[in-house]
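Reviewing the structure listed below.
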Amino acid sequence: MTISPPESGEKNKKVLEDPVKADPRPIDFAKLDKPGFWSTKLSKGPKTTTWIWNLHADAHDFDVHTGDAEEATRKIFSAHFGHLAIIFIWMSAAFFHGARFSNYTGWLADPTNVKPGAQQVWAVVGQEMLNGNLGADYNGIQISSGIFHMWRAWGITNESELMALAIGAVIMAALMLHGGIYHYHKAAPKLEWFQNIESMLNHHIAGLVGLGSLAWAGHCIHIGAPTAALLDAIDAGSPLVINGQKIATIADMPMPHQLCDPQIIGQIFPGLASGVGNFFSLNWFAFSDFLTFKGGLNPVTGSLWMTDIAHHHLAFGVIAIIGGHLYRTNYGIGSSMKEILEAHQGDPILFPAPKGHQGLFEFMAESRHAQLSVNLACLGSLSILISHHMYAMPPYPYIATDYMTVLGLFTHHMWIGALFIVGAGAHAGIAMVRDYDPAKHIDNVLDRILKARDALISHLNWVCMWLGFHSFGLYIHNDTMRALGRPQDMFSDNAIQLQPIFAQWVQSIQASAVGTSILAGTPEGLPQKALSEVFNGSLVEVGGKVAISPIQLGTADLMIHHIHAFQIHVTVLILLKGVLYARSSRLIPDKASLGFRFPCDGPGRGGTCQVSSWDHVFLALFWMYNCISIVIFHFSWKMQSDVWGLTGGNFSQSAITINGWLRDFLWAQSSQVLTSYGEAISMYGLMFLGAHFIWAFSLMFLFSGRGYWQELFESIVWAHNKLKVAPTIQPRALSITQGRAVGVAHFLLGGIATTWAFFHARLFGLG
C-alpha cells in the first residue's frame, strides 16, 4: 500500500467533485423520424438496398457516429440502463405469467409428481393438443427454464407475491429507462469520470457485487432459509409447528413479513431471534443454525442447503466489500492499478520485454473494445463454469431431478459462454485496429507478443493438427476394428484401455481431502459432505429419481475429451490469429488502414479476400458451434447413460465409434422428436423441421458468391425496366461481408434451434 502524491490526489478530487456535464444534448424527438440520423450518408435515405444493411451494421457502432470517445462512452453507459430496463420487463413478464397462467402453486405442493407449466394454449385450430397433462389437474405447456425451482429457493409461496414482483419489475424498468435518458441528456458523466478506474473498481466490487451479495444474504437468511425449512418439512412428511399451528400445506405458510417477527422466526431458527448482541460480542456460534456449512445435498430436495447458500453469500459479500477498498481513490491510500501493472517486468530470458507493462494501463483505460474483450472473456469462462456447477452442485430445490431443466441449463450456459468468448476475440480485434497505437507500445509486453505472433500461431497450428489427427484417428481405428469384427483390438474399457488417469486423479484427490484438517481448519477435518457427489461420492435419490451420483470416467470420455481439446484449440487459433494479425500481415501489411472488416483488398493483390479480423470471427463462430455441439452431446448422452439411467449405460461401449455416435445417440434419441406429431410435444417436431430449413437457408449465402446474386438481380431489374415498373431503390446484392454475416447468423440459429428441439422432445417425450 502506498500514499499517492498530492498532485494525484488533487486530480482525483477534481474528477469526483465535478463528474458530470449538465444538459450536454437536449432531447430531440425529431431525430427518431430520420433513420440513420447519426450518419450524414445514411440520413439522406436509401438509394440502393445496401442502405438497410449499413443501417443495421452501424447502428450500434458508436465509434463511427461521432469519433468522440466521451460521446461514445456516454452512449454505452446510457445503453446499459436501457439493457437493464429490457431485463426488468422480461422478468416482469415471467413473474406475471407465473402469477396468472402457470401451475406454480400446484407444482410447489407436489414437486416430484407435478411438472412445471407456463400456460394453457387456446384452442384456435387444434392447438390445444400442445396442452400436456402436467399433473394436479393442470394441462399446459411444460417448461424447462428452472424458474419454478428458483422461485421456491427465493421463498415465493403464492401468486400474489409473484404479481407484486411483476409490478415491481415494471417500476424498476421505468426507473432504468429514465436513468438512461437522464445520464445522457440531462447529466452526462465526463470522460475523466469514466476513466477513473480505481473509483470504478471501488463502486463495482464493493458496491454492486459486495453490497449486492450482502443484501441477497439478508434475503436468504430472513426469507429464503425459513421458507425452505417449512417447505422441506412439509415435503418430508414431518411439518413444523408455529404458534401451535401445524404448517401442513402451502396455505398454512406464514407471509414473508411475518417471518421477520422474532417470535415466529425463533421457532424455526432460534439464532435469528437472539438479536444482534451476539454479533457485537463475537459470539457468532449462536448464528450457526441459519449460517451453516453442512455441505452435500438436502436429501428432501436434492439441492444445496439454503442455509449454506446464505452463509456463502454473506462471506462472499464481506470479501468483496473488503476487496473493493484495496484501490486508491480519494484519500491517497491503497493500490494504483497503473503502478501495479508497470511494476511487472517481462522475464529477461523467457519473455524479453524491456518496458514490461508500460502503456497497458492507458490502453485498457482508454479502449472500450479492450475492456469489453477482457470482460467478455472472463464472463464467458464464468458462464461455462456455471454450466458445470449446475449439475455437480444443484442450487435450487428439485432441479436435479428435472432432467430437461438440467440439460437445458447446461446447454444454455455453454452457448452463452462460448458466444461471449468469440465476442472477446472480436472486440480484441477491433481494439487492435481502432485503438492500438504502435508508437506507444514499443518493447512492452503487447509489442513483444505481436513480434512473436508467427511462433505463437505456428505452434498452435501444430498442436491443432496433432490433436485433430490423433483424436479422430482413435475413432477411425475403432470403427474399422468393429467393422472387421475385431473387438479385442479396439480402444475400449474392455480391450485396449485408454483410461483418463489425470481426470481420475483429480477426482480421487477431491475425495482424499476428506478427513484432512488443513483445509477445514477443524480437528475433525473436512467432512465428506463438503465435496460434490460427482467426485466418488454417493448416489442421492429424490422421489425415486436420481438427483446426483458419482460420475465414472473411462476410455469413451478420454476420446471425446480430446475432440473437445482439438475443437477448442482450433477456435482459439482462429480468434488469436484474427487479433494478432488484425493490423498487418505479410500478405497485407496495411490492414490497419482497411479497418476491422473489409471483403477484399482491391485490384492488383490477388488472393487477399477474407483475411480481415472480422472474417476470423466469422470462421471462429463455426468452430465454436461445432465445439459446443459436441460438448452438449457428450453431456446429454453421458448423463442419460451413467447418471439418470435412461439408456442402460450404453455410453462407454457405443461412444467409442463414430457409428455409435450416429446410431445410438443421434438416430436412437431422435425418435421422440421425429414421432412427436399428434402429441403434446409436437411443436418440437415442427421446430426441428423449421430449424433445419433455417440452417439449410444459410448455406445459400455461404456457398454462393456475390457476383451470382448481382447477375440475378440485374436480370430481374432489366425485366422490371422493360415493363416500366422499376423500383426507385436500386436492388444490390449483399456484399461479401454482409452475405457471410447473414449466412453465419442463420447457420447458428438453425443449428442451435435444431438441438433445442432434439433435446426437449427427447426428455419431455420420455416423461
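Glycine too: its Cβ is placed from the backbone N, Cα and C atoms.
If you look up Swiss-Prot, you'll see CYS600, CYS609 marked as [4Fe-4S] cluster binding site, on the strength of sequence analysis. Here Swiss-Prot flags HIS692 as divinylchlorophyll a' binding site. Under the heading divinyl chlorophyll a binding site, Swiss-Prot lists MET700, TYR708. Swiss-Prot lists 8-22 with the feature compositional bias 'Basic and acidic residues'.
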Given TYR708 (divinyl chlorophyll a binding site) and CYS609 ([4Fe-4S] cluster binding site), what distance in Å do their CA atoms have, once rounded to a whole number?
17
Looking at the binding-site residues CYS600, CYS609, MET700, whose Cα is closest in space to that of HIS692 (divinylchlorophyll a' binding site)?
MET700
Rounded inter-Cα distance in Å - CYS600 ([4Fe-4S] cluster binding site), MET700 (divinyl chlorophyll a binding site)
21
If one measures from the C-alpha of CYS609 ([4Fe-4S] cluster binding site) to the C-alpha of MET700 (divinyl chlorophyll a binding site), what distance in angstrom results, rounded to a whole number?
19
Close in space but at least six residues away in sequence, with Cβ under 8 Å from that of MET700 (divinyl chlorophyll a binding site), the same-chain residues are GLY743
Among the binding-site residues listed here, CYS600, CYS609, which has the most company in the form of other Cβ atoms within 10 Å of its Cβ?
CYS600
Across all protein chains shown, the binding-site residues HIS692, TYR708 give the max Cβ-within-10 Å count at HIS692
